[in-house]
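S.K.: Below you will find the structure I want to go over with you.
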Amino acid sequence: MRHRTIHLFRKGLRLHDNPALLAALQSSEVVYPVYILDRAFMTSSMHIGALRWHFLLQSLEDLRSSLRQLGSCLLVIQGEYKSVVRDHVQKWNITQVTLGAEMEPFYKEMEANIRGLGEELGFQVLSLMGHSLYNTQRILELNGGTPPLTYKRFLRILSLLGDPEVPVRNPTAEDFQRCSPPELGLAECYGVPLPTDLKIPPESISPWRGGESEGLQRLEQHLADQVHPADTGLCGWAEGWVASFTKPKTVPNSLLPSTTGLSPYFSTGCLSVRSFFYRLSNIYAQAKHHSLPPVSLQGQLLWREFFYTVASATPNFTKMAGNPICLQIRWYEDAERLHKWKTAQTGFPWIDAIMTQLRQEGWIHHLARHAAACFLTRGDLWISWEEGMKVFEELLLDADYSINAGNWMWLSASAFFHHYTRIFCPVRFGRRTDPEGQYIRKYLPILKNFPSKYIYEPWTASEEEQKQAGCIIGRDYPFPMVDHKEASDHNLQLMKQAREEQHRIAQLTRDDADDPMEMKLKRDHSEESLTKTKAARMTEQT
């Protein structure tokens, strides 16, 4: 049977390595590429902010252009998704709906509802994995039906699975020519809306532009930029930055990203994580030496997979209450302090510069995220990680259900992270890698004229020095909202008490590296495993 198919784009906003789209083209006489813009769903389920809206619309426009080049089009249909599917299945005599499988509860519910419509209206639903490296259900099965709660346990399960499936081939113009295109005029009826059509604030200054084309270009350019001057060819740069990448050695307050900066494209599916994984595998295969998980680039992809797996089988993963792996902590409820943190008014320039970059650009370095999150939660303000997670979900271009919640639990020491006595200092941490404060001067221009010795602590400058800098602390820029040492010492005791009272929950996500039995396990490990353990410790210490 040759189907009449709606291919429903959700997160896989790309043509390369798109299994569900390729299956639609191979099984159909006509394919309608559709994106349903359900604003109520996106607002309630995804909490998408203005920067993310711009990135999404740019990604849809790019996908529309790429499909047009292959003889097809993208139909962006606005409305409630169940009504849109019902109406257009009947209008276009659809016999099949294809879509990429996702693990978020709201996307699972969407797929279940579409399958229910299929049973009612008589169309088939084909859902294929494409957003993750592995089928998370298979990982759960190999772990006895429960998620592996530590990275080491997770890697052991992956060793049983072997490498991820290889990416599928790219669709061609011939693939689309074998299917009739959507009726003439539909592309004009269902175009990509402008931000003004959706009452979204004007374009931001974010350096990230959405779309598969932009993501692929950034990937190729990033790899090319890492060539050492004397290097030529693949083997040259295989020995360079990519092979030697170690996450803890990247700089949180560099003015340009010192990591790949590709995360927004992976989170929306503009780039295939499987394609990137195998690109890295080819590089590693030709390098004499390369970094290892968890700090290597491939290790970062596996961390993503780890959080996807745990989130897929953990109830209430994005909440504290009802979350079986999360410490239940009596966080303070303080709307005023939360607002100061969110709007870059804490009085600590390093933290405020981070939050300013986040609001302006939609991206910050992972260590900057660590510093801002620690300050909000266990470090200084003792405000729930859920509140910070919501702010990041709104503002980050790479906001991701699983990774965002997982990292916030980690950074608040509510799960996964157990060296809770290590607290980021909002003064010393930034100064260590940027002693001149260039990052602060860029994002907090009100402080740009302070001498370097005061740039992280402008309140310590004399009144005369503040006048010379053109910024009076307490008038033009706030005093620190807390005494860091007093607040962090007090919070440390609160955390210690919570972990002692909930010892069994605290142990759920404790890795082997934290266990007294580690020495026995080491004797059973290979030399490579020992290297990985050492690398993991380096990450924690940094």
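Glycine too: its Cβ is placed from the backbone N, Cα and C atoms.
Straight out of TrEMBL:
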type	residues	note
DOMAIN	3-133	domain 'Photolyase/cryptochrome alpha/beta'
BINDING	259-263, 300-307, 398-400	FAD binding site
REGION	508-542	region 'Disordered'
COMPBIAS	517-531	compositional bias 'Basic and acidic residues'
S.K.: Can you break down the domain 'Photolyase/cryptochrome alpha/beta' (3-133) into helix, strand and coil residue counts using DSSP?
M.R.: 65 helix, 33 strand, 33 coil
S.K.: What mean pLDDT score does the domain 'Photolyase/cryptochrome alpha/beta' (3-133) have in the model?
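M.R.: Per the prediction, mean pLDDT sits at 96 for the domain 'Photolyase/cryptochrome alpha/beta' (3-133).
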S.K.: Rank the binding-site residues TRP303, PHE307 by how many other Cβ atoms lie within 10 Å of each Cβ and give me the one with the fewest.
M.R.: TRP303
S.K.: Validating a neighbour-count step here. Other CB atoms within 10 A of the CB of LEU301 (FAD binding site): how many?
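M.R.: LEU301 (FAD binding site): 20 neighbouring Cβ atoms within 10 Å.
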S.K.: Rank the binding-site residues GLY261, SER263, GLU305, ALA399 by how many other Cβ atoms lie within 10 Å of each Cβ and give me the one with the fewest.
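M.R.: Least crowded of the binding-site residues GLY261, SER263, GLU305, ALA399, by Cβ count within 10 Å, is GLY261.
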